[in-house]
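Just below is one structure, and these are the notes that go with it.
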Amino acid sequence: MAGSPSRAAGRRLQLPLLCLFLQGATAVLFAVFVRYNHKTDAALWHRSNHSNADNEFYFRYPSFQDVHAMVFVGFGFLMVFLQRYGFSSVGFTFLLAAFALQWSTLVQGFLHSFHGGHIHVGVESMINADFCAGAVLISFGAVLGKTGPAQLLLMALLEVVLFGINEFVLLHLLGVRDAGGSMTIHTFGAYFGLVLSRVLYRPQLEKSKHRQGSVYHSDLFAMIGTIFLWIFWPSFNAALTALGAGQHRTALNTYYSLAASTLGTFALSALVGEDGRLDMVHIQNAALAGGVVVGTSSEMMLTPFGALTAGFLAGTVSTLGYKFFRPILESKFKVQDTCGVHNLHGMPGVLGALLGVLVAGLATHEAYGDGLESVFPLIAEGQRSATSQAMHQLFGLFVTLMFASVGGGLGGLLLKLPFLDSPPDSQCYEDQVHWQVPGEHEDKAQRPLRVEEADTQA
């Protein structure tokens, strides 16, 4: 174990005690409040004389499987690019998502499906919980390698609550449409993580600079995450949209947007790369921006051409962000964004929200016909004009940025509590701080980790 005996003793107790407390408290709350909904409960379902073929499970579960794979495989492997942080990237993704999906079931349940004193859960609850876990993992990407697992669990504890409140305000109070989460998931998760990273700024992080890069095999493993995310992203955006034409259209728009963002990424990467060569960081990340940018508008009548245009724009903007804006973010704004979530989720998320404003403002009864009610119910009912819906969409973006910024600031203050274990500057981005790494003898391979230097900690 790297570090002093007192640090090792604290690490031995801190994570187990926190995991036991959080799981125990969650289990008690589940026992008191959580019940099956009428589509899951044996007695209620059969009492209603429905055919099993009508159960929502058969319509939603295939999408849930894809979303689940994205959260646990896609996000986990996308972050293994760091040469000595693969165990932590995949392992802490596993830990955070497993806790976040339980906690978000409770938080979202109290806000969305609390009836008769109970939270009623089904397959839609599982999808919503995974969406929330995705936002937490986006924030994790901004502080990857600089925080301990106990800090990350506390981050998730706070972020899930704020995610649920922000989502409730946007979807239920403002009537915002955001099927694929450009605002509620990507923008919120990115800027929560970026503000958190700013509060946890480490001026002496250069001591771990030699571990911040990738090696050939770590980039190859990260591409596994990229491919999983790329393939399943149409399901992610379409998972909770209206069955039928709405879900079909959402998947189609996402499909074309991802394809265009990939070509845009390859084009810009070669254009701005050294000697015209491609940068694997760009390909791993910016190629996915097409899925983010149509998150809000994918269920709308965006048109295939609109999806291609939005995807290409997102891929180019994301690539330029990785090449030029990411260094400025650290040097000028003191935001140490490990995974570049600002370029993959932040900027494309904001662009996606603005695209939603535009497409909502163009909505007409002629274009949507009877389908207007499933996409823009308030417009269909005459309670709101298309212009008013567009303004509500824009206001939803500002609300999301406010919740994310305030939440990230509060989270940073929470994670800076002195008793929380975090790696010193000289030991960041290193698996051996928290993991037993097979095939390596610490005394020989990681002797520098035993040196306690005077430096900052998160």
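Cβ atoms are placed via backbone N, Cα and C, with glycine included.
Source: prediction; values computed, not measured.
For reference, Swiss-Prot has these:
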TOPO_DOM  1-13  topological domain 'Cytoplasmic'
TRANSMEM  14-34  transmembrane segment
TOPO_DOM  35-61  topological domain 'Extracellular'
CARBOHYD  ASN49  N-linked glycosylation site
TRANSMEM  62-82  transmembrane segment
TOPO_DOM  83-86  topological domain 'Cytoplasmic'
TRANSMEM  87-107  transmembrane segment
TOPO_DOM  108-124  topological domain 'Extracellular'
TRANSMEM  125-145  transmembrane segment
TOPO_DOM  146-149  topological domain 'Cytoplasmic'
TRANSMEM  150-170  transmembrane segment
TOPO_DOM  171-178  topological domain 'Extracellular'
TRANSMEM  179-201  transmembrane segment
TOPO_DOM  202-219  topological domain 'Cytoplasmic'
TRANSMEM  220-240  transmembrane segment
TOPO_DOM  241-251  topological domain 'Extracellular'
TRANSMEM  252-272  transmembrane segment
TOPO_DOM  273-282  topological domain 'Cytoplasmic'
TRANSMEM  283-303  transmembrane segment
TRANSMEM  305-325  transmembrane segment
TOPO_DOM  326-346  topological domain 'Cytoplasmic'
TRANSMEM  347-367  transmembrane segment
TOPO_DOM  368-393  topological domain 'Extracellular'
TRANSMEM  394-414  transmembrane segment
TOPO_DOM  415-458  topological domain 'Cytoplasmic'
MOTIF     429-432  motif 'Basolateral sorting signal'
REGION    439-458  region 'Disordered'
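Spatially, the transmembrane segment (220-240) is not adjacent to the transmembrane segment (150-170); fewer than three Cβ-Cβ distances between them are under 8 Å for residues at least 6 apart in sequence. Distant neighbours of the transmembrane segment (347-367): 177-178, 180, 182-183, 185-187, 190, 289, 292-297, 300-302, 306, 310, 313-314, 317-318, 321, 375-376, 379-380, 386-387, 389-390, 393-394, 396-397, 400; these residues of the same chain sit at least 6 beyond its ends, with a Cβ under 8 Å from one of its Cβ atoms. The highest tally of CB pairs under 8 A with the transmembrane segment (62-82), across 14-34, 125-145, 179-201, 394-414, is held by 125-145. Residues 33-40, 56-57, 60-61, 64, 132, 164-165, 167-168, 172, 240 of the same chain sit 6 or more residues outside the topological domain 'Extracellular' (108-124) yet have a Cβ under 8 Å from a Cβ within it. Only pairs six or more apart in sequence are counted, and the transmembrane segment (87-107) with the transmembrane segment (305-325) gives fewer than three Cβ pairs under 8 Å, not enough to call it a contact. Sequence-distant neighbours of the transmembrane segment (125-145) (same chain, 6+ residues past either end, Cβ-Cβ under 8 Å): 37, 60, 63-64, 67-68, 70-71, 75, 79, 82, 85, 88-89, 92-93, 96-97, 100-102, 104-105, 107-109, 112-113, 152, 155-156, 159-160, 163-164, 181, 184-186, 188-190, 192-194, 196-197, 200, 208, 211-212, 239-240, 335, 337-342, 345, 408, 423, 428-430, 458. Same-chain residues lying 6 or more positions outside the transmembrane segment (252-272) and placing a CB less than 8 Å from one of its CB atoms are 180, 230, 233-234, 236-238, 278-279, 282-283, 286-291, 293-294, 297-299, 302, 304, 306-316, 318-320, 323-324. Residues 99, 102-103, 105-106, 109-110, 114, 117-119, 121, 148-150, 153-154, 157, 420-421 of the same chain sit 6 or more residues outside the transmembrane segment (14-34) yet have a Cβ under 8 Å from a Cβ within it.
Stretch with the most C-beta contacts under 8 angstroms to the transmembrane segment (179-201), considering only 150-170, 283-303, 305-325, 394-414: 394-414. Taking the topological domain 'Extracellular' (171-178) as a whole, pLDDT averages 98 in the prediction.
When Cβ-Cβ distances under 8 Å to the transmembrane segment (394-414) are tallied for each of 150-170, 283-303, 305-325, the top count falls to 150-170. In terms of DSSP secondary structure, the topological domain 'Cytoplasmic' (273-282) contains 6 helix, 0 strand, 4 coil.
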